[in-house]
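What Swiss-Prot records for 1-229 is region 'Pyrophosphorylase', and it gives sequence analysis as the kind of evidence. Feature annotation from Swiss-Prot assigns UDP-N-acetyl-alpha-D-glucosamine binding site to 8-11, Lys22, Gln73, 78-79, Gly140, Glu155, Asn170, Asn227, Arg332, Lys350, Tyr365, Asn376. Residues or ranges marked as Mg(2+) binding site by Swiss-Prot on the basis of sequence analysis: Asp103, Asn227. If you look up Swiss-Prot, you'll see 230-250 marked as region 'Linker', on the strength of sequence analysis. Sequence annotations record features per position, and here Swiss-Prot assigns region 'N-acetyltransferase' to 251-456. Per Swiss-Prot, the feature acetyl-CoA binding site maps to Asn385, Tyr386, Ala422, Arg439; the stated evidence is sequence analysis.
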Amino acid sequence: MYNCAIILAAGEGKRMKSSKPKVLHKICGKEMINVVIDVVKKAQIKDINVVIGKNSEKVKKATEVKNTSYSFQDKQLGTGHAVLCASDFLKNKRGIVAVFTGDSPLIKENTIKNMLDFHEAGGYGATILTSIVQNPFGYGRIIREEDEQVLKIVEHKDCLQEELQVKEINSGMYCFDIESLIESLGKIRNNNAQGEYYLTDVIEILKQEGKKIGALPIPFEETMGVNSRVQLAEAEKIMRNRINKIHMENGVTLIDHNNTYIDLDIQIGKDTIIYPGNVFQGDTVIGENCIFYPNSRIQSSVIKDNVTVENSVVLESTIGENTSVGPFAYIRPETTIGKSVKIGDFVEVKKSTIGDNTKVSHLTYIGDAEVGSKCNFGCGTVVVNYNGKNKNKTLIGNNSFIGCNTNLVSPVKVNDNTYIAAGSTITDEVPEGALAIARARQVNKKSWVYKKGLKK
């Protein structure tokens, strides 16, 4: 049967106290609205409409790669009005429409699939995802008849005293027969405490028309909506625990899973060991048998097999097999580091290529450079790539030995099999096989200290 989805994302989220729309706040590295869109797509719902309102352009920009359509809700008149604004999306469609909220990012793929199967198998006009909670304050209540069939949903502010005692709550997520939903939307009224058009009223309307109403209980954490920074932190903690559990089940060792921060969609190979304090962001891919000692940040990078990283930052770069990075290294965007390379303490590499088996052991800056294989950089080497206006290129050939405290003033080329003497400032090309010395000769002035009377 055909199915589609509407995601409600027009709410302003005033309790977030933010200048950006609520649904654009991130959970584990991804905007909440995109988390919801992605999980809906994984549940095999491809036709998705997002209802947007104030700041609509920001939401559209954040979701434009998701191939969704959009409806606009100009005034915040309730969830029923929001779905009504998507009428053009539903026009001439037959089948099932699922309705989700863009601020409920914890719903699971299997739950959505189960809801669709449950709805279709039961022949329901509407199906509600519900949950049983001990403290239902603030949630709409599921009111059932004596035979346990769903009668209606009553919003918290409209509940009678006995209805307030009900523990089964509405998650705000549903699926409907499309034709039944369209007919019912025109019948809802705003005669309630909020003066809004509730989507929940559709349930009672369908019931009165003889339609069957289904209710599928799910774990409460999946129903959690995010309306404040506190709830955002709570949702992120739940999602982070899910992510970490999946990686551990797939063969990754997390020494302290409560203090390891892995974004959604990160890939990590088996037998990798991760110590606490590490942060993995963006679309990072990590190979097998890697070790991440405490307190590194890896963002949108590819880390190949058998890499060791210690207390370092790697941004939008690629690290080859059997390489070690850190401690206190800084790998900046557009860097490619080869196999069996050593990037040591207080080394910064920016927009450069480092060949296989090269050693950059400590206190070095390499920027806008192409470095060959089997090179060695002495302590204090600086690639001087910026002249105040432009960034210039440095080329360093294979098997080059760069002595300590060397400046390579770009643009400059150092050919294969060369040596550069410590303390040199290199401004000209170094021929293959040459030793370059670019420093003043040492002068010793005998007895100078005593003649000056500095010491007796």
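All positions are counted from 1 along the displayed chain.
Just so it is clear, glycine is given a Cβ too, placed from its N, Cα and C backbone atoms.
Long-range neighbours of the region 'Linker' (230-250) within the same chain, counting only residues 6 or more positions beyond its ends whose Cβ lies under 8 Å from a Cβ of the stretch, are 16, 25, 27-28, 105-106, 221, 224, 257, 260-264, 266, 268, 270.
A separation of roughly 60 Å, to the nearest angstrom, links the Cα atoms of Lys22 (UDP-N-acetyl-alpha-D-glucosamine binding site) and Arg439 (acetyl-CoA binding site). Checking each of the binding-site residues (Leu8, Gly140, Asn170, Arg332, Asn385) against Asp103 (Mg(2+) binding site), the C-alpha distance stays within 10 Å for Leu8.
In sequence order, Ala421, Gly423, Ser424, Thr425 are the residues of the chain that are 6 or more apart from Arg439 (acetyl-CoA binding site) and have a CB within less than 8 Å of its CB. Burial estimate for the binding-site residues (Lys22, Arg332): highest at Lys22, by number of other CB atoms within 10 Å. Helix, strand and coil residue tallies for the region 'Linker' (230-250), in that order: 20 helix, 0 strand, 1 coil [DSSP]. With a cut-off of 8 Å between CB atoms and residues at least 6 apart in sequence, the same chain places Gly367, Asn392, Ser410 near Tyr386 (acetyl-CoA binding site), listed in sequence order. For Arg332 (UDP-N-acetyl-alpha-D-glucosamine binding site), the nearest of the binding-site residues Asn227, Asn385, Ala422 in terms of C-alpha separation is Asn385.
By a simple count of nearby Cβ atoms, those within 10 Å, the most crowded of the binding-site residues Asn227, Asn385 is Asn385. For Tyr365 (UDP-N-acetyl-alpha-D-glucosamine binding site), the count of additional Cβ atoms within 10 Å of its Cβ stands at 20 [all protein chains shown].
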